[in-house]
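Right, one structure below, let's go through it.
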Amino acid sequence: MASPCTTYQSSPGSPEDDSMILFSTSTSCSPAKQSTRTHSNSSSFHSSSPPPPPPQSSSNNKTYELRVRNLSYTISPNASLFSSLIKKSTKPKISILNSVSFVAGCSEILAIVGPSGTGKSTLLRVISGRVKNKDFDTKSIFLNDHAITSPVQLRNICGYVAQEDNLLPLLTVKETLMFSAKFRLRGMSSKEREERVESLMQELGLDHVADNFVGDEENRGISGGERKRVSIGVDMIHDPNILLLDEPTSGLDSSSALQVIELLSSMAKTKHRTIILSIHQPSYRILQYISNLLILNHGSVVHYGSLESLEENISRMGYEIPVQLNPLEFAMEIISVLENQDLHSKYQSCSYLRWEEAIIQDGATKEVIHQAKTGAVSNSGCSSLFEIAVLCSRFWKIIYRTKQLFLARTMQALVGGFGLGSVYIKMRNDEGGVTERLGLFAFSLSFLLSSTVEALPIYLQERRVIMKEASRGAYKISSYMIANTIIFLPFLFAVAILFAVPVYWIVGLNPSITAFVFFTFVVWVIVLMASSLVLFLSAVSPDFISGNSLICTVLGAFFLFSGYFIPKECIPKYWLFMYYVSLYRYPLDALLTNEYWSLRSKCFSWNDENHSECLLTGYDVLKNRGLDKDTRWMNVGIMFAFFVFYRVISWIILARKVSKTTI
């Protein structure tokens, strides 16, 4: 026997019409059902607006209905240091969502509306699986009446478009979608992926800007509406049947916002997609594309249903909607009154009666949930070599197109090399020349280590994109770190050559070819080590200003305790550890050893003009620095260890951030 909720009948236009939407157990999207939800003879608001375009046929026969039942969500406030120490917080938990219930049907758009801070974005994050396992309610979210038991399943089933457009500005529209396809559609051939991207660009109306850069505030690119459509395309590349969007019209003008909503409406009808979005004060032209509204206030449902039922509810309460306002705008003005009225309570009291009897034995839905649970949808088992190859290709495009970085590094190396060469040109081979060589090496180290700061903006710009992509299973952080290293190795080697060649021969350092090759090699390792340090500091810095300040502070401390300004013996014991971790000490010792080891017996200072007594030999220079043994390769090994250490630490930090991200 059918439940009372599923057999209840009411006349058209009655307030109970919209409650049927909430507890209907049908998973089909028949035209009759759609017309019932959108038709209204009583609304003067819709009579003057053109109807949405009719649904088109689609080969996609799978339809999914997302049901949410009594969903609540609370967060714990930030505990104080004292409460953290005693592992007990006296502050009560903050309730964000309170028993939220609704049904999002296929071929429709459900809009979540409400004042700022009412829980719209939190609701989207929860139903898209962007929460921790311990915060996820396994009895509140259903796909075609099959319970979702973990947020991982939702992350693999749903497409989620965040409010911010986290895109790489120096990639074209087609490249952005193609890289997303390579990560998310690894089972397809290259031709199939390209066809999918071409089809998606046509569907999104982006084919005319396929070869334009995405751009940002600093780099001119496509328009804001087109950039939003690219963001939608990135999360639709794997063709999800459920698409969630957080404020897709935020920051857009009225025309661009309408185009985005029209696009979403067309996608919902032609592909039978279930679309849920949050929106802030939609215009009357946008409202005609929205099937149902979920109005929230203080985390609770104020209204769930069509715009017509909202208008009837307002009229039933004795209010008259002004001509210049649509029902939703007026509802926002009296939302406190709507929240206190109890008409919606009778909908919820019946909406989930005998829920268990309504479970549909849908084999296709079970299979999708099973694949999401086992991770088959996320392609996590694909080879890391493929990820590294794709990331190398993308990273090289970004480096090559970042003209400021490319030109800055090249010009710094050339100007630094020739500039230092012109200052220390043809250095003398006497006691004064020894002091000048030490100054040259110290300044070169400072110049090379500080010149890598230019990469900080690139790392910070990429970091949010990396957080988004890695958290969604596109690739592993380890693959990104390896690709980053592979691309920077030859690039920084070219920088090392451009600096080492002019400065070495113009100054007149050790004329041995072996010594020159080792000098160039040390310069390369120095810039590699510095690049790893910048990568590490960018991983822990919230923005460019703090990151730049942190880099300057760290490098200044390393230089101070390098042994150049203060001898090791004079460094206070509590600061002695800085001498051993200084990035200046080991390359400085390596350069000095390289310069004087083959000249240990050469005299640089005599007692008189007849050269009867040598006062300073190459060995004496090294011994004064505590370098009485050839430790060049040991120093190089320590420098490589620093290079690897900072990258490993960066990998650990980024991986930990990815595990906590909800983008």
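Keep in mind that glycine also has a Cβ here, set from the backbone N, Cα and C atoms.
As recorded in TrEMBL, the features of this protein are as follows:
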type: COMPBIAS; residues: 1-13; note: compositional bias 'Polar residues'
type: REGION; residues: 1-61; note: region 'Disordered'
type: COMPBIAS; residues: 22-39; note: compositional bias 'Polar residues'
type: DOMAIN; residues: 66-323; note: domain 'ABC transporter'
type: TRANSMEM; residues: 406-425; note: transmembrane segment
type: TRANSMEM; residues: 437-460; note: transmembrane segment
type: TRANSMEM; residues: 481-507; note: transmembrane segment
type: TRANSMEM; residues: 513-537; note: transmembrane segment
type: TRANSMEM; residues: 544-566; note: transmembrane segment
type: TRANSMEM; residues: 633-654; note: transmembrane segment
Candidate ranges 406-425, 513-537, 544-566 - greatest C-beta contact count to the transmembrane segment (481-507) (under 8 angstroms): 406-425
Contact call for the transmembrane segment (437-460) against the transmembrane segment (544-566), three or more Cβ pairs under 8 Å: yes
Outside the transmembrane segment (633-654), six or more residues from its ends: residues with CB under 8 Å to it: 463, 466-467, 470, 477-478, 480-481, 485, 521-522, 525-526, 528-529, 532-533, 535-536, 539-540, 583, 586-587, 589-590, 593
Stretch-averaged pLDDT - the domain 'ABC transporter' (66-323): 86
